[in-house]
Amino acid sequence: MSGKTIYLGVIGVGGVGAHFLTQLSRLPNAPSLVLLARSSQTVTSPAPSYSPAIAPSDWQSAFSTSSSASYTQSGAWNPDQIAAYLSKAPGRAVLVDNTSDPTVADAYPLFLSKGISIVTPNKKAFSSSFNLWKNIFNTAASTSSLVYHESTVGAGLPVVSTLRDLVATGDRITRIEGVFSGTLSFLFNSFAPATAQSGVSAQKWSQVVAQAKDLGYTEPDPRDDLNGMDVARKVTILARIAGLEVQSPESFPVESLIPAKLRGLTSAAEFMQRLPDFDDQMEAIKNQAEAEGKIVRYVGRVDVEGKVVKVGLQQFDKDSAIAGLKGSDNIISFYTERYGKNPLIIQGAGAGGAVTAMGVTADLIKVLERLH
């Protein structure tokens, strides 16, 4: 990659954002980082020259007062301010949004309308209203701006790009099925393993949830994982790419694993304290599957031909690919006309800052190649 300078803005320097900046610092011919924003601060290279660029390897110091001579420091900028700044750069601009902020996601059509390409793991933009989805891609097409969002499903796994390639080359997608949540994968692989480990006693559901929380696999409030909405958003994205006009993640059945009596609790601590009272419910579900020689897993499923999308518990044979998952891995199966009875399967780590950032960085490289 060589030629014209491309100017880069980055929003979000948390888990994924920090890993992305580390990876960016190692890229040969990296774009010129001219905007870096977090919730309370924005740092920019001075206009109109848009130089000096911010060093991604030393991004923390850009927020310090000692660097104020080199950069322009401000409070939090709204999307209009960010779009105005990047659109006036002396070359093509790219915005990397490493947040899950719906306000930023809603502004994607604005950025694209100003010729700013977008790379992001932000699921909100692509799984909220279908109107926003259409607006994003219609605006991109009319302005020659680019949109890449590999890491919205499966972190760094090539899920989105593979499905887009299948569709673009004319394959007919019949069904998509998989374990889309690293958290729920870990919970069920631990709670109901396909093969019992010798010397390891079976754990109660509440114990497995507590262990996952301690290991950092769950959100601070595990209900944000157990309600199934994260999986529903990912399934919405894939269903839309496959050609279904899914209106929102609330427009199809999503099975919540939160006991009805615990849904209204105000604190995560109280939820964790009372969860053991409902262990018998999950035990019964596990035992029912075992009585039929099967295991239970939490999956997302898109029946493209039948136009049916659903998320929830499902039983699988113990020798199935889904039953063989380990740890917090994801697995996504694409059933298509070309691949016949044996689906195209993508499997691997579906969560984690470094692998999610890898998907973002790889998308950025693709955008840079196309813009150059």
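Placement of Cβ uses the backbone N, Cα and C atoms for every residue, glycine included.
Here the structure is a predicted model, which means the values were calculated and not measured.
Listed features, source Swiss-Prot:
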BINDING   VAL13, GLY15, VAL16, THR99, GLY352  NAD(+) binding site
BINDING   VAL16, THR99, SER100, LYS123, GLY352  NADPH binding site
BINDING   VAL16, THR99, LYS123, GLY216, GLU219, GLY352  NADP(+) binding site
BINDING   GLU150, VAL153, ALA155, LEU157  Na(+) binding site
BINDING   GLU219, ASP230  L-homoserine binding site
ACT_SITE  LYS234  active site, proton donor
By a 10 A CB contact count over all chains shown, which of the binding-site residues listed here is most packed: GLY15, GLY216, GLY352?
GLY352
Other C-beta atoms within 10 angstroms of the C-beta of GLU219 (NADP(+) binding site) total 14
Nonlocal residues around GLU150 (Na(+) binding site), in sequence order (Cβ under 8 Å, 6 or more apart)
PRO121, GLY156, PRO158, VAL159, VAL160, SER161, GLY359, VAL360, ALA362, ASP363
In the same chain, outside GLU150, VAL153, ALA155, LEU157, whose C-beta lies within 8 angstroms of the Cβ mean position for the Na(+) site?
SER151, THR152, GLY154, GLY156, PRO158, VAL159, VAL160, GLY350, THR356, GLY359
Here the recorded positions are VAL153, LEU157, GLY216, ASP230, LYS234, and the Cα closest to that of GLY15 (NAD(+) binding site) is found at GLY216
Could you round the CA separation between THR99 (NAD(+) binding site) and LEU157 (Na(+) binding site) to a whole angstrom and send it over?
19
In terms of Cα spacing, which of the binding-site residues VAL13, VAL153, GLU219 are within 10 angstroms of the residue listed as 'active site, proton donor'?
VAL153
